[in-house]
Every structure is written in C-alpha cells, then in structure tokens.
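Engineer: Once you've had a glance at the structure underneath, I'll fire off some questions.
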Amino acid sequence: MQKYICTVCDYIYDPALGDEESGIAAGTAFEDLPDDWECPDCGVGKDDFEPYNEED
C-alpha cells in the first residue's frame with residue numbers, strides 16, 4: 001500500500017500501521033481516510049499530503 005507524506009511536517013502516513021490515536025485501523029488506505037482526518041503531528045488536512053516513495 002502507498003505511504004503518504006505531510007508536506008508541512010514530514011509525517012509519514014503508513015497504511016500498514018494506520019493512525020491508532022485517531023481511531024484509524026491498520027490496513028486503512030490513505031484514500032479511505034475520512035475527509036476530516038488531520039495530520040497527527042501538525043493538524044493539516046489530507047490535501048497537504050503527497051505520495052511518498054521510499055528510496056533505498
């Protein structure tokens with residue numbers, strides 16, 4: 001599953017982990033997050049995230 005990175009604070013949303021503090025279960029794709037979900041580190045919305053590609 002695709003990870004997404006916050007363009008403001010560099011928080012990485014990993015769908016394999018979800019966001020337990022916000023009640024988002026592990027295995028939840030970024031596209032399936034509620035529209036009002038916010039970055040747990042800085043509070044911006046989904047519009048401030050972009051796909052994250054890990055470089056080995």
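Every residue gets a Cβ built from N, Cα and C, even glycine.
I grabbed these lines from TrEMBL:
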type    : residues         : note
DOMAIN  : 1-52             : domain 'Rubredoxin-like'
BINDING : C6, C9, C39, C42 : Fe cation binding site
Engineer: Helix, strand, coil residue numbers for the domain 'Rubredoxin-like' (1-52) per DSSP?
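Structural biologist: Within the domain 'Rubredoxin-like' (1-52) the tally stands at 9 helix, 14 strand, 29 coil.
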Engineer: Which are the residues of the chain, C6, C9, C39, C42 excluded, whose CB is within 8 A of where the CB atoms of the Fe cation site average out, their centroid?
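Structural biologist: Not counting the recorded site residues, we get V8, D10, Y11, P40, D41, G43, V44, D48.
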Engineer: Using a 10 Å radius around its CB, how many other CB atoms surround C6 (Fe cation binding site)?
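Structural biologist: Other Cβ atoms within 10 Å of C6 (Fe cation binding site): 22.
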Engineer: Counting Cβ atoms within 10 Å of each candidate's own Cβ, which of the binding-site residues C9, C39, C42 comes out highest?
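Structural biologist: In terms of Cβ crowding, the pick is C39.
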